[in-house]
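Enquirer: Got these off TrEMBL a minute ago, pasting:
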{"type": "DOMAIN", "residues": "72-483", "note": "domain 'Major facilitator superfamily (MFS) profile'"}
{"type": "TRANSMEM", "residues": "105-123", "note": "transmembrane segment"}
{"type": "TRANSMEM", "residues": "144-162", "note": "transmembrane segment"}
{"type": "TRANSMEM", "residues": "168-188", "note": "transmembrane segment"}
{"type": "TRANSMEM", "residues": "200-219", "note": "transmembrane segment"}
{"type": "TRANSMEM", "residues": "231-251", "note": "transmembrane segment"}
{"type": "TRANSMEM", "residues": "299-323", "note": "transmembrane segment"}
{"type": "TRANSMEM", "residues": "366-384", "note": "transmembrane segment"}
{"type": "TRANSMEM", "residues": "396-418", "note": "transmembrane segment"}
{"type": "TRANSMEM", "residues": "425-445", "note": "transmembrane segment"}
{"type": "TRANSMEM", "residues": "457-480", "note": "transmembrane segment"}
Amino acid sequence: MASDKNAINSAHHDELVVEPSDVHRIGEDLFTKKLHKHHDDALDFLQTTEDQNFAYTDREASSVRWKIDLMLMPLLLGTYTLNFLDKGILSNASVFGLKNDTHLVGQQYSWVASIFYFGYMLGQPVNAYLLHKVPMGKWLAGNVFGWGACILLGITAKNFAGIATTRFFLGLFESVTNPAFVLITSQYYTRKEHSLRSCIWWAGNSVGSFFGDLIAYGIGHGHGSLSPWKYMFITFGGFTVLWSMILMLFLPDSPWKMKFLNEREKRIAVLRVMSNHTGISSSHWQWKQAVSVLVDPQAWIFFCIAFIQCLPGGGLTAFNKLILTGLGYTNLEATIYSMPEHAIQLFSVIVAGIVGSYIGNARCVVIILSNIPPLVGSLIVYYVPASDKLTRLAGVYILFTNTISYIMVLSLVASNFAGMSRKTAVSAGIFLAYSAGNLVAPQLFIDSEAPLYPTGFRGMIASFVTLIVLAFILMTYLILQNKRRDRKYGKVDPNAIQEDDFFDLTDKELHYFRYAW
């Protein structure tokens, strides 16, 4: 520890430097800088320090990151588990009485699955604005309470209108989760850490699906005065309401409001992520930043990937159990045989996160590679004869690496868009595309084509091929953008904190910004 102090005392006082002993120093000019109209809220916090020659070591930064992981990751993973469990409850309920009890006929079940995303789309512009203006932790917790209440109210539905209404409001309340999590990832973690952390909280998809199937299997074996699907709704909805109270107590609104960090650790938490050049938080909404997204090719490629990935993803979410029963399995067998899907999805997501974090600029390559197995799987299900159940079941299993594309896009949004209004506008656009894709997806699974759903699987095949092409285009575009900036502005140290990082500027305005790919 003494050597660390000696190194700190020997650092220069006018800039951030990385010294032989890995000591980071912030010069006093930053702490006395006149505030810009649209400065980052982090600067307000930093200027309250009495130590205007602040320095910290890599060891301290690692310790702070570990504490953040211990608090945030369980909360985010738990929330995302419930997010997917509550959204995906429809698939299990469909084979345990919901369709009969609510008298759904024809394409009505498909519309019940789709209407969730009308609410989700409506919530995107609202959240893009409010996540700037209200305490993020409290807003997220309130919405979690809302969607838990919607699940509980679902048991009162007796017809299409009733179940469709609760699904619409469920989508409205759940719409906050993804944009909030993208912002949280960018606020608390460095660019190198984005991929793995995004994959950890996204793994809630797999965890939620697994426990959803396990609970559904147990409830499906039981006998009570209510239909099995209603017991599922009561169980999941009740736990979600309880979880919202945990979030209200423990999820911080910003890095400098983390109760389990002392003042020094809070400053380290802020400073270690400023090298992202993407900012942390700003309560000022800038329309100029938001509109700039409309002419950004990178943003439009992200929108396309989000939409297209959700065609197979949304279909699997809503129709997975019906696809499995179409292979010849009973309702309970379909629930059991779906469990390996979640293990495959979880394993592939974690591997993708590790590769994306520890191999520099590998995220677009991960997108390309991750779409090959589901492409093969969809071809197997489509072309292999219906009599060969096991081969077709294997094809269904390997479809479940398909979510990696979407996770990598979310991590790239956290890494590649500076300016808080610009970042939230991109996020809103991606989740609108996500909603649109999930709206379209169930309509590809035509009731009259059950149980094989050939149109749905043709759509999957086309989607996976298109995603591979788009990922290659995205990678090429980002590489060329970085080379153009190197030629125009010269090569830079991408990890050095710059003064402009604290003034809520966009990646287009920061000449030293280089894109991750």
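Glycine too: its Cβ is placed from the backbone N, Cα and C atoms.
In terms of burial and nearby residues, how do these features look in this structure?
Expert: Regional average pLDDT for the domain 'Major facilitator superfamily (MFS) profile' (72-483) in the model is 88.
Remote same-chain residues near the transmembrane segment (105-123) are listed as 87, 90, 94, 99, 160, 163-164, 167-176, 314, 317-318, 431-432, 434-436, 438-439, 441-443, 445-447 (criterion: CB distance under 8 Å, separation of at least six residues from the stretch ends).
Counting residues 6+ beyond its ends, the transmembrane segment (231-251) has Cβ neighbours under 8 Å at 71-72, 75, 78-79, 82, 85-86, 89, 92-93, 96, 137-138, 140-142, 144-145, 147-152, 154-155, 212, 215-216, 219, 222, 224 in the same chain.
Residues of the same chain lying 6 or more positions beyond the ends of the transmembrane segment (299-323) and with a Cβ under 8 Å from any Cβ of it are 87-88, 90-92, 94-95, 110, 113, 117, 293, 331, 334-335, 338, 341, 367, 374, 378, 381, 396, 399-400, 402-403, 405-406, 409, 412-413, 417, 426, 429-434, 436-442, 444-445, 450-451, 453, 456, 459-460, 463-464, 466-467, 470-471, 473-474, 477.
The list of residues near the transmembrane segment (366-384) in space but at least 6 beyond its ends in sequence, with Cβ under 8 angstroms from a Cβ of it, reads 305, 312, 323, 348, 352, 355-356, 391-392, 394-402, 404-405, 408-409, 454, 457-458, 460-461, 464-465, 467-468, 471-472, 474.
Sequence-distant neighbours of the transmembrane segment (457-480) (same chain, 6+ residues past either end, Cβ-Cβ under 8 Å): 297-298, 301-302, 304-305, 308-309, 311-312, 315, 364-365, 367-368, 371-372, 374-375, 378-379, 381-382, 399, 402, 405, 416, 441, 444, 515-517.
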Enquirer: What residues in the same chain, six or more past the boundaries of the transmembrane segment (144-162), come closer than 8 Å to it by Cβ-Cβ distance?
Expert: 79, 82-83, 86, 89, 101-104, 108, 111-112, 169-170, 172-174, 226, 230, 233-234, 236-241, 243-245, 247
